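S.K.: Okay, these came from TrEMBL:
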type	residues	note
TRANSMEM	A:12-32	transmembrane segment
TRANSMEM	A:69-86	transmembrane segment
TRANSMEM	A:98-117	transmembrane segment
TRANSMEM	A:123-144	transmembrane segment
TRANSMEM	A:156-177	transmembrane segment
TRANSMEM	A:200-219	transmembrane segment
TRANSMEM	A:244-266	transmembrane segment
TRANSMEM	A:286-305	transmembrane segment
TRANSMEM	A:312-332	transmembrane segment
């Protein structure tokens, strides 16, 4: 266990984040500039810095495209950090909010509350999503630990697949029983950044911020825990409390992402693994870098989702699955 | 029973059939008939037992009864039975050959492969005749099965575990591709594909029943002919080789057969999840028997399962119809969880 940052990372500490944030801003600008009408980057910057409501392009940028880009940044960062924490704490390279059933749990709860009880209040969405994610997480974890082999990557993913299949079927049943209410939810259920109301984001933001804060605060202990439970205990850490904190962070991050964009699979799997290739196993670096890289990744994926078959738009969640599933298969081959 | 298992390989299977297993077959046949009658009675135009029987034997009480039974309920019920039997046989074969209690056509991506091929065909060529669907589904399913085998089998240790996880990954990829195709396709075509993807027999007509029956007639004899190598494979590749089975050849042939069985069902009624997983295990618990009889039990269990799922799906929330595939998923997942909890330690996934 190192107390400081390893020497080869020292240069990355300042130059790295600066470059990362610069690239993120570039992706952000590109995301806003592409669309039915391409708006040049200087105009994008102008609209953000000196907004002029009489210029049509500025209105398009600020009212239509900016929210979507912000959603992508928030959702990408939230899911990636959640995935990184899950991988560290469960010491399972395949842990991810989608594969372990958290996304479907959150979606199921939202579908039930919106569809059956007809409560579409944006303030309620993150709370409902958090409760659903929590129940699903507990169910998956319970099944996996009760299995004779314990909570191995295989049992966790199998339990996640079981919960996903079960709740997925129930969501479809709810869909069929009340088609009108679900017309709106159908696109959301594939993971989409389009057409979400901005109020949902404001209500999700506190959840996201608190999840991120807990993630950053516990990053040091997560590094120790990722080396094994004995190591963590030997270092004098309260493992139970740490796990509870991390669980809260994961649930809060997942819930805010689902409230904003619906279930977006494999983001939390792909980004932390890519980040670890560059910054190593220290979660003090993995967590912030996952946030930055996740935001950039989802911006780029969303650009692809809008451009690939233009003018038809593919749901962003489908593109993350198309990109993430092969990486999952590769991880299974390489790591297990 | 366990002592009799190996000797059964030497002699004709019929000589050592246990009474209980045969009795079970009879009970299941009776359940299928009972389900058929119930299914013909239930719906927005309810019929009583004499009404159903007289309609079946050519003396319908009314013209509506004649239409409802012969045009809609009868073919639909038969399609459910056939599809259930096909999927159960496919699952039983996969479980025996891969020695993996969790193998199921929908879990390892075979159903999704068939689904992608058929959806691509519906969206790209809506005029495509119904009859070509099984062939397409078979091609798609076989391609995906081969892909998963190829990815999972590159290294030997822990191959079973990698097989399942690879299947889950490939299935996620293919489902996303299918959904993307649906957003790209025009809405009305996409809708017809969407209904089919939930796994429903509600639109099944006599032509579907004919295709399903044809698949059963063609594939089941082949399967029973292969039941002896399958019994040997169940003991492990070394034991099978020792018993004179050409393991690689038998493995490829049996998996191809399993894929064909599942593809036929998926092509006509869509992916019905977890039937192939649940039916063989249920059959196994109801009566222990040799491979041949177990296959027959599985087929009957699958038929009962899907028939009952279809009946429940249209009776529970009438007039809304819940596709049978969703009902089987809701029933199947608890069984799946139970299998995870139970079989892990023994079979060392």
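Backbone N, Cα and C define each Cβ position, glycine as well.
I would like each feature placed in context: is it buried or exposed, what are its neighbours, and how far apart are things?
M.R.: Beyond the ends of the transmembrane segment (A:12-32), by six or more residues, the same chain brings 5, 39, 41, 44-45, 61, 65-66, 68-69, 72-73, 279, 285, 288-289, 292-293, 295-296, 299-300, 302-303 to within a C-beta distance below 8 angstroms of the stretch.
Residues 82, 86, 124-125, 128-137, 139-140, 156-157, 159-161, 163-164, 167-168, 170-171, 174-175, 178, 181-182, 185, 189, 250-251, 254-255, 258-259, 262-269, 328 of the same chain sit 6 or more residues outside the transmembrane segment (A:98-117) yet have a Cβ under 8 Å from a Cβ within it.
Within the same chain, residues 90, 92, 94-95, 99-101, 104-105, 107-108, 111-112, 115-116, 136, 139-141, 143-144, 147, 185-186, 189 sit at least 6 positions outside the transmembrane segment (A:156-177) and bring their C-beta atoms closer than 8 Å to a C-beta of that stretch.
Long-range contacts of the transmembrane segment (A:200-219) within its own chain (CB-CB distance under 8 A, at least 6 residues past either end) are made by residues 67, 70-71, 74, 77-78, 81-82, 84-85, 122-123, 125-126, 130, 242, 245-246, 248-253, 255-257, 259-260, 283-284, 286-288, 291.
Outside the transmembrane segment (A:244-266), and at least 6 residues removed from its termini, the chain residues within Cβ reach (under 8 Å) are 71, 74-75, 78-79, 81-82, 85-86, 88-89, 96-99, 102-104, 106-107, 110, 122, 125-127, 129-130, 132-134, 137, 187-193, 196, 200-201, 203-205, 207-208, 210-212, 214-215, 218, 222, 298, 316-317, 320-321, 323-325, 327-328.
Within its own chain, the transmembrane segment (A:286-305) is flanked in space by residues 16-17, 20-21, 23-24, 27-28, 30-31, 34, 68-69, 72-81, 83-85, 88, 193, 212, 215-216, 219, 222, 264, 267-268, 270-272, 274-276, 278-280, 313-316, 318-320, 323, which lie at least six positions past its ends and keep a Cβ under 8 Å from the stretch.
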